[in-house]
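Reading through the structure tokens given below for one structure.
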């Protein structure tokens, strides 16, 4: 078959998580409820932070933007999956696939960078408590979020440019439940050597550097906590990092699981199922992780519920 120009590719076909028609309604209900919980939970967290003056601190400021990134990741992937489950269709338009690649890379990168910024915030709070409010002033917090957004936007535009330069021989099946650039590169008819080098470089930089920053922050934090004499002081210091550390392990752990499963397993469906944890489950769990053991957030949420009642 002669390669056709990329503008002639009208649609792609996504992989189904299950070919059993009896499971389609169950999957639809499961993913719909998960998506609604994700959006509602993260919106409530953002509302609680913005409405309660006690939560107008750097940590909760970053947390509200992390919730925004979680909503973005889930909204980029789940609604299209729900439509396909409901209509028994596996297709996604070329423009929709291009938008999915771009927006998903934006919010995934933003989440990674925000987790790094939050690790730095915890580092300053524990290692330099007397100078915390001076160092983490509103101007620096705003600048850190702005830089994170800017880098994420640049990353998404690079993904857009790489995707827009690919040529495909025909309408092809993507072995994933959403459009992912690495999967699309394997299906392209054009020369992808340069694109592969670029995407691995970007991935190593925007995932590796933030992870190294988080590891460095926690090495400093643990070292500082170990110098605290009382056990109560150690517990109080570490408890301020518990939620963030849980989210970091969940985010990078599931991301690493997706990479390893795609490398080790030859089953595309198994890799796609693992990706569900990364793109669907993790954004839903984050607001619960931060709110269940946090009295300030629970108090703010109860205040919102009482005002709405």
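Indices start at 1 and increase along the chain as displayed.
For all residues, glycine too, the Cβ spot is worked out from N, Cα and C.
Here the structure is a predicted model, which means the values were calculated and not measured.
Copied over from TrEMBL, here are the features:
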- 41-290: domain 'G-protein coupled receptors family 1 profile' (DOMAIN)
- 26-47: transmembrane segment (TRANSMEM)
- 59-78: transmembrane segment (TRANSMEM)
- 98-120: transmembrane segment (TRANSMEM)
- 132-154: transmembrane segment (TRANSMEM)
- 197-219: transmembrane segment (TRANSMEM)
- 240-260: transmembrane segment (TRANSMEM)
- 272-292: transmembrane segment (TRANSMEM)
For the transmembrane segment (26-47), distant same-chain residues with Cβ under 8 A (at least six beyond the ends): 17-18, 63-64, 67-68, 70-71, 74-75, 78-79, 81-82, 85-86, 280-281, 283-284, 286-288, 290-291, 297, 301, 304
Interface check, the transmembrane segment (240-260) with the transmembrane segment (98-120), three or more C-beta pairs under 8 A: yes
Among the ranges 59-78, 98-120, 197-219, 272-292, the one whose Cβ pairs under 8 Å to the transmembrane segment (132-154) are most numerous: 98-120
Positions on the same chain near the transmembrane segment (98-120), where near means CB under 8 A and six or more residues out: 59, 62-63, 65-66, 69-70, 72-73, 76-77, 80, 92, 144-145, 147-149, 151-153, 155-157, 159-160, 163-164, 178-181, 184, 206-207, 210-211, 213-214, 217-218, 244, 247-248, 251, 279
Remote residues contacting the transmembrane segment (272-292) - C-beta distance under 8 A, at least 6 residues beyond either end: 15, 17, 31, 34-35, 37-38, 41-42, 44-45, 63, 66-67, 70-71, 73-74, 77-78, 104, 175-178, 243, 246-247, 250-251, 254-255, 257-258, 261, 298, 301
Spatial neighbours of the transmembrane segment (197-219) far in sequence, C-beta under 8 Å, 6+ residues away: 109, 112-113, 115-116, 119-120, 122-123, 151, 155, 158-159, 162, 181-182, 185, 241, 245, 248, 252, 255
Overall pLDDT of the domain 'G-protein coupled receptors family 1 profile' (41-290), taken as the mean: 86
